[in-house]
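Trainee: Take a look at this one; I'll ask things after.
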Amino acid sequence: MIKNQGDRYHLIDKNALEEKKLDSNELTEFVKSSGLIDIGKKYNIVSIIGSQSTGKSTLLNYLFGTQFDVQNRQQSVGQTTVGIWISKDVKNNVVVLDVEGSDSVERKSGENMVENQTALMALAMSHCFIINVFVNALGQHTSCQLSIIKIIMQQNLKLFQQDTVKHIIFVVRDWDEEYNYDEASRKLNGYLLNIWNEIPKPDQYRETDFHELFSVQVVTLVYYKLKNEFAEQTNQLHSKLANQQDPNFIFKDFDYEKNVRWSDMPQYLSNIWVVIANNKDLNLPNEKILISNMRCQQIKLEALEGVKDLTEDLQNRVRTQFVENFGQQCLSILGVAQKIYDKDAKDYHADVYKEKEKELRDELMNKFYTYFQRQTESLKQHYMNRLSENLETLKRESIYDLPDKLNEVDLLKVNFEESLSKSVIEKGLWQEQDHVGFFNQQFDNQLKSFVEAQLASFKQQLDNIIKSECDKIVSQQVLNISPKFWSQIDADYYTMISDKYSKYDALLSGLRVQWKQIDDYLSKFEEDSFHNLKQVIAVASGRFKDQLFQQFKAQFVRTEDGQPRNWQKTTEEEIFHIYTEARDKVFSFLDILRIRKVKFIRIQQTMKKIAKTHLAPFTPLKEKISYQISADTDSDDVVLNEVFYTQVKMQLAEDIDVQYQDAIQKHKQDFLQNIPKPFWFLLLFFMYDDVLRWMGNPLFLYPILIILCFIGFCIAIGLHSLPKLAFQTVFRTINQALLPLIFGGISKLKTS
């Protein structure tokens with residue numbers, strides 16, 4: 001059961017004195033029910049001290065409209081107020097303390113400690129002291145409460161930071177015009193100054209003027225039964241204490257921010273009384289800081305609870321995907337928490353307020369940083385997925401379009417950095433640049449792998465293109481072998497490969513390939529391209545014999561204007577001359593092909609390596625040749641090695657000789673066609689029995705069998721033209737030697 005009666009409360013009662021503690025629950029209930037909790041920090045506390053039974057409670061009731069118990073004049077004089085009562089001005093934010101009177105006869109000897117404790121409690125709470133003194137007691141030490149004032153002065157120096165003035169108002173009761181106000185004021189100020197000079201002071205206050213720390217006023221009141229005048233004077237005093245519009249308002253420069261909020265006052269006063277009641281050193285700033293710590297901690301937790309739903313919602317969303325404007329949403333939550341915190345905490349001790357504000361921010365920032373880590377991973381995954389999608393699309397693009405496309409792809413890095421910048425609350429706070437660097441490295445590695453894969457595919461295509469171009473270049477020369485065969489191949493190949501080289505170089509640079517790797521790519525390109533040229537030449541060498549034979553036929557069989565030659569009208573000497581000229585020409589071409597090697601030279605131009613062929617004259621195989629591709633000289637370096645050269649020359653010679661024999665036969669056909677046909681039948685009639693006899697003769701039969709076996713063997717080993725050449729030689733000999741003898745004998749028989 002709380003003990004408040006109306007709007008008053010017994011703050012320090014017998015239980016508080018005996019148990020040395022306050023009932024904070026009852027005090028809290030009073031603070032709520034009386035409306036004190038609503039005034040926050042905007043208040044002043046006025047307490048009254050004085051001797052017992054001097055009308056202190058009555059004066060307070062007149063001044064502030066309170067309802068403190070007053071002494072019934074018809075009863076015996078005694079103690080009315082025990083300890084400290086607390087109440088509030090009915091209209092203004094002035095809290096009033098009615099302190100137990102001093103010199104109480106009810107207090108036993110040695111119990112003046114209670115008076116000191118209540119005075120100290122009043123001092124800890126009050127901004128202004130009203131010292132109630134009767135005019136006829138001005139010269140009395142105890143009546144003027146000088147001992148209590150001494151305690152107040154001493155403790156005031158210890159308890160308070162001296163940036164505000166403590167107000168002391170002497171209210172001199174039962175004043176009459178016959179008294180000298182100036183004399184009374186001088187006397188009271190003299191008492192205070194003497195006390196100030198007597199009390200020990202800290203070093204910083206030794207030279208301090210008393211009036212810098214205390215504001216002293218002397219107010220006189222007539223006898224209370226002079227109601228009108230007494231009421232007017234009490235109203236004037238009340239205005240000084242409660243009316244902020246009064247020019248004489250004593251709390252004009254008061255810093256209300258230093259007050260303890262009434263919502264925290266029960267705990268604050270409980271802590272103070274425990275210290276005072278146990279005669280311990282009281283430290284009011286520490287007590288205020290303690291209360292501020294406790295309340296700001298509680299308010300901080302309330303602020304965290306107030307944004308709990310918002311933080312959990314943000315956490316749930318960031319778990320599934322990255323959140324747009326993550327940083328702004330974090331700031332919004334911080335703002336809500338700050339608003340909740342400021343609403344109740346901003347009036348507490350400034351340092352504590354800032355400390356707990358920082359703790360609130362740090363706790364939220366720690367949560368946000370955890371979310372930020374997940375946000376960052378989601379952003380990385382999102383943009384890496386977009387990169388993969390873009391690269392999959394680029395696989396279908398021409399590789400020469402990739403440099404421009406890669407510039408477009410690079411925008412993903414910019415977008416990632418922008419999204420990440422929107423995910424932070426303060427630039428650099430969460431080391432977002434480290435995440436940007438890691439993402440860029442991961443991004444570039446995937447891009448590099450893609451480029452390498454595309455280059456590998458392109459290199460295969462480029463090899464095929466080079467092979468095709470080399471085949472065109474070589475084939476063009478093979479179709480018309482000439483002394484410029486090698487020089488033209490060299491020039492055409494160099495022109496083609498230079499163009500491809502420069503484009504390949506530009507492509508590699510556009511694809512962000514590193515300089516050293518570009519050199520490696522280009523060197524490999526040069527070597528592979530030259531190897532392709534060698535392969536094409538090697539394959540084309542199989543066509544050399546046929547092409548040379550065709551070029552021989554073109555010169556031997558046809559005239560310069562392309563018309564077929566008439567061998568019947570051409571003499572054998574002319575045929576032989578044409579044959580010799582055409583044969584020597586193609587053999588000279590064959591020798592050109594034989595005595596050349598294909599060599600690779602790398603020429604350094606403007607820090608670039610350019611592939612070029614070099615057609616070197618044949619060097620005897622015993623002499624070692626140094627190559628920039630290979631240090632070895634093998635048969636592959638020679639276009640026509642000795643074995644292949646001999647084989648081609650033999651086959652070419654055979655085919656050429658066949659053409660020559662055909663021409664001779666066509667020339668001789670005119671002579672045989674002049675023999676009458678009946679003569680051939682007559683010759684066969686007279687010689688058939690001789691033919692049969694020859695067939696039965698082994699000397700004739702065995703040579704025929706040997707000749708047939710020779711023909712079969714030549715066909716089996718691929719020298720099918722050799723029997724033909726042998727028979728042509730035999731028949732040519734017969735035509736030139738035997739037939740003239742035969743037909744000459746026949747002519748003689750006809751003559752005889």
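Cβ coordinates are placed from backbone N, Cα and C, and glycine is handled just like the others.
From Swiss-Prot, here are the annotated features:
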BINDING   Gly50, Ser51, Gln52, Ser53, Thr54, Gly55, Lys56, Ser57  GTP binding site
COILED    445-465  coiled coil
DOMAIN    40-265  domain 'GB1/RHD3-type G'
TOPO_DOM  1-674  topological domain 'Cytoplasmic'
TOPO_DOM  720-752  topological domain 'Cytoplasmic'
TRANSMEM  675-695  transmembrane segment
TRANSMEM  699-719  transmembrane segment
Trainee: What same-chain residues, at least 6 away in sequence, bring their CB to under 8 Å of the CB of Thr54 (GTP binding site)?
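Mentor: Residues satisfying the criterion: Gly101, Asn132, Val133, Phe134, Arg173.
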Trainee: Which one of these binding-site residues, Gly50, Gly55, has the sparsest Cβ neighbourhood, judged by other Cβ atoms within 10 angstroms?
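Mentor: Comparing Cβ neighbour counts within 10 Å for the binding-site residues Gly50, Gly55 gives Gly55.
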Trainee: List nothing but the one residue from Ser51, Ser53, Ser57 whose Cβ has the fewest other Cβ atoms within 10 Å; the candidates are the binding-site residues.
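Mentor: Candidates: the binding-site residues Ser51, Ser53, Ser57. Fewest Cβ atoms within 10 Å: Ser53.
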Trainee: Can you tell me how many other Cβ atoms are located within 10 Å of the Cβ belonging to Gln52 (GTP binding site)?
Mentor: 19
Trainee: Check the DSSP secondary structure of Thr54 (GTP binding site), expressed as helix, strand or coil.
Mentor: coil
Trainee: Inside 10 Å of the Cβ of Lys56 (GTP binding site), count up the other Cβ atoms and send me the figure.
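Mentor: Here the count is 28.
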